[in-house]
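Following this message is one structure expressed as structure tokens.
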Number of protein chains: 4
Amino acid sequence: MIPDDEFIQTKNVPGPTKEEVRCLVMCKANISSQDTVVDVGCGSGGLTLESAQRALNVIAFDKNPEAIDLTRKNLEKHGLTSKVQLLEGDALQVLEGINSFDVILVGGSSGDLPLIIKQGYEKLKENGRIVITSILLETRVEAVNAIKNIGLVPDVIEVTIAKGKITERGTMMMGRNPITIISAVKV
Amino acid sequence: MIPDDEFIQTKNVPGPTKEEVRCLVMCKANISSQDTVVDVGCGSGGLTLESAQRALNVIAFDKNPEAIDLTRKNLEKHGLTSKVQLLEGDALQVLEGINSFDVILVGGSSGDLPLIIKQGYEKLKENGRIVITSILLETRVEAVNAIKNIGLVPDVIEVTIAKGKITERGTMMMGRNPITIISAVKV
Amino acid sequence: MIPDDEFIQTKNVPGPTKEEVRCLVMCKANISSQDTVVDVGCGSGGLTLESAQRALNVIAFDKNPEAIDLTRKNLEKHGLTSKVQLLEGDALQVLEGINSFDVILVGGSSGDLPLIIKQGYEKLKENGRIVITSILLETRVEAVNAIKNIGLVPDVIEVTIAKGKITERGTMMMGRNPITIISAVKV
Amino acid sequence: MIPDDEFIQTKNVPGPTKEEVRCLVMCKANISSQDTVVDVGCGSGGLTLESAQRALNVIAFDKNPEAIDLTRKNLEKHGLTSKVQLLEGDALQVLEGINSFDVILVGGSSGDLPLIIKQGYEKLKENGRIVITSILLETRVEAVNAIKNIGLVPDVIEVTIAKGKITERGTMMMGRNPITIISAVKV
């Protein structure tokens, strides 16, 4: 995985998604070198870059132009621009214009999460994967319900990571915000 | 419990121990109104104040004069000074000069944790409680081993709390550092 | 706190709520010796017994007669029957017949959680506390929303406890199910 | 990742390492198709199989013949036997007879953890990765200290996963035992 501190960061864009969470999302997404990945709400580009290292191509979008700019800079820093199409805009509108894909990652939601999941699922190929990361109590439930409404049984994991900080006194465990990963495979 | 934000805080002194951790330490300490409590490494006074609300009297010490000063200010703010004796100094030396007590809380260790537990235990009354809070991987094991060396079976809980932050978008769960509470009752 | 293994348990009734969770619920409930406590969905009686040790009196109910029976046995075992009124029945109906109280604990919900919170809140005295424990993703959000609808800001903590099992090889940390505690004080 | 329930399990052998933990270990191990991986204490074969899917070849051992047998059955079930050499025996003795390798995974320790790390590290190629998974309070510290003694700064993460169980009433979060992953890259 790309270390957290090798991402360029800015004040106004959240992320990048921490290394261990990116790792778990990538496992659930199970991206192959023939896959097209859609990254909804790319933020700092954490999941965009990891996807670009594994997929045939990636379409990433965010409604925040600063996020698009930051993701571009991170892609450039890691030499991954060629595989990624970056689009600024509203998730539902951008999804409208995209054909089918193998994986859809949903990070940023802006209140449209159920619709994004529904619309994203329709364009997902058979055996395609949908992976949602959620930091709000409310969006966890929205994601679970949206997956159930599609007729699938969601895989739900809540992940709490503490990272050891090596100090002179010993190994201090620093807590991170818990994150919930909801996923499903299209059958 | 006293809310976290009703403690005066300063840059150079850690704490106060968060409300939920104070709550769990108080449950393990099981302080009655007839008890004398010793608080080793009082820091900002979080556990000192909670103990003072429940015990007959409290002896709190810290090697850091700023911690003593801060604990005094917090005791004054909450009208709890009369029950508490504050001592600046090395834990082992201060313990030397104290008679028996019902509860010993050990928060700050400074490398002497096993000796503090051993010496504290000797002065603990029958059915007395020893409660250690640890934020380092290493001191957790030191505390477990020291309790075992006394001939007791330690109660060990690792506590991870995330606190909800109510935002316009929803309830964001903010992670805290995990803490381990090791305790035992003298038989 | 009453140790977990000092509760009589049966196969068909969940609980008792683990010691550390009972401890945190009691801290949030802040029960005084003059308080009347209502315990909705008493299950094995974990919170009923803890409340009875602190309150003036407790009204506990559950729609499951086995739960009522088990709570009664646990109250008898710990000599706490005199303070507790046990009622079998639907939460909303039983609440209907109760006058005001100082604390309401809501554990079992059966789909009526928002209404129970609303109705319970109306009968809560000024400065009264409402404390909800939730093990389902969905009821956490229901509780948060119901508290917001009342016009209060909920206190939300998610608690993950691992308990050390002392073995010959070392201290094995055994995970527990995470639980969310949502609470508020009536103003 | 291979789903947890696609592993054959037996009563006397622990594991398999849960999917999400295998995922994180694989990320830290960063196995390429040219790598030789050593798996110390293979248990049910969880990490052996994941390594076999990614590496050039894998050497797995366990002192428990039942573990060797079970790992063999799991390799056969998933068509991965050809890449894996299975050895029954004491970790230190088996390590003695192996040449250099790119990755060493240490799961089972049997009290020799510091020596296994030291000896394993010596045989690790430059840029090789060592990844230790620990479920005991004590072995976490042993692993951290052993890595420090080698002259490296360990990466330490404590991982707590709760898995959602979809029920009629809602999504019940089922806790797992926390696990600590300690890793380092040879420089």
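Along the chain as shown, residues are numbered 1 onward.
Note: Cβ is positioned from N, Cα and C throughout, glycine not excepted.
Predicted automatically and left uncurated, TrEMBL annotations should be read as such.
Source: prediction; values computed, not measured.
Here's the feature list from TrEMBL:
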- B:THR17, B:GLY41, B:CYS42, B:GLY43, B:SER44, B:GLY45, B:ASP62, B:ALA91: S-adenosyl-L-methionine binding site (BINDING)
- B:32-139: domain 'Methyltransferase' (DOMAIN)
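A description of the local structural setting of each listed feature is requested, covering burial, neighbours and distances.
Across the range of the domain 'Methyltransferase' (B:32-139), the DSSP-based residue counts are 45 helix, 34 strand, 29 coil.
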B:CYS42, B:ALA91: which of these binding-site residues has the sparsest Cβ neighbourhood within 10 Å?
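Each of the binding-site residues B:CYS42, B:ALA91 was scored; lowest Cβ tally within 10 Å is B:ALA91.
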Which state, by DSSP, holds B:THR17 (S-adenosyl-L-methionine binding site): helix, strand or coil?
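In three-state terms, B:THR17 (S-adenosyl-L-methionine binding site) counts as coil.
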Within the chain of B:GLY45 (S-adenosyl-L-methionine binding site), which residues six or more apart in sequence place their C-beta under 8 angstroms from its C-beta?
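Same-chain residues close to B:GLY45 (S-adenosyl-L-methionine binding site) (Cβ under 8 Å, separated by 6 or more) are B:PHE7, B:GLY15, B:PRO16, B:ALA60, B:ALA67, B:LEU70, B:THR71, B:ARG72, B:ASN74, B:LEU75.
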How many other Cβ atoms sit within 10 Å of the Cβ of B:THR17 (S-adenosyl-L-methionine binding site)?
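So the Cβ neighbour count for B:THR17 (S-adenosyl-L-methionine binding site) comes to 25.
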